[in-house]
Amino acid sequence: IIPTILFVIFSRFNIRQETRYMLLGNALLSDLIYLLFYTLSAALNAAHLHFPKEACVLLLFLLAVAYCGGLFTAVAIVLDTYVAILFPLRYITILPPSRTKKIIVLLWVCSGAFPGIFFLVLWSTHTFVPCVLETCSVPVILILTLNGTDALKLCFWLSAMVVFLCLSVIFCCYAILYFKTKHSGIWESICSRASVTFLMHNTVLFFYFFPLLALFVESFLCVNVLIKLQTGILVSLTVCNVLMIIPKVLFPFLYGLRYREISASLKSIVRRKQLRMVS
């Protein structure tokens, strides 16, 4: 469904000129890249094919860039919703399409710079984990990172701080939106569009951040030797292979198909194909 929604967004001029759809397309593109590369690494590991060190480093870097792109775009989507609701009359001037394109470029630059600094630190300290691994598995590397040098642990916890900063921004935006609009009457019905949208956003963002929180808790327990290494690897495998994939599966259905313009375009494509088949 992700390539289909991307096709609708990029093929319709009126859709791809709106900020929310451009951010949605960027988030879906990041998720698609992450899923493709993670599936590739999982398939190669299942086939017991060993990566060269350079290929493993490149694959991990691309995975990190794609995941950061999706994470930062989720924050941008929340900020876009915040501006659209609280400043509806100035929304077009604050976030025109030209500025949105620059923001998307900035998101990708930040998504590449953040993992790039992380990898450069590890490379300069000669403590990069894949050097001593026969398998390029993200969960295994995460566990071994926590049992590595102080530079590895510092990079890991700095990443945790960035994630919690993103989570704090999202929480503050939603809290302000709720208190600013709670007397407007849009929250009276449980089935109202505002309530359903709020629940939808919270569901997707919960599944985005819960796996990261689970990883950090498991990392803390592993560092303090409160759980065994084998248990830590099992938890990391579950988080990376299941919990981190769930939001990327829910995102196109809860976000993409819920927009009327996208769903109407998809229906028109299906109907057009049916008419051609009948003729």
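Using the three backbone atoms N, Cα and C, a Cβ is placed for every residue, glycine included.
What TrEMBL records for this protein:
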- 2-255: domain 'G-protein coupled receptors family 1 profile' (DOMAIN)
- 21-38: transmembrane segment (TRANSMEM)
- 58-91: transmembrane segment (TRANSMEM)
- 103-123: transmembrane segment (TRANSMEM)
- 156-179: transmembrane segment (TRANSMEM)
- 205-227: transmembrane segment (TRANSMEM)
- 233-257: transmembrane segment (TRANSMEM)
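A contact links the transmembrane segment (103-123) to the transmembrane segment (21-38), because at least 3 Cβ pairs that are 6 or more residues apart lie under 8 A.
It is 21-38 that, among the stretches 21-38, 58-91, 156-179, forms the most Cβ pairs under 8 Å with the transmembrane segment (233-257). For the domain 'G-protein coupled receptors family 1 profile' (2-255), the model gives a mean pLDDT of 79.
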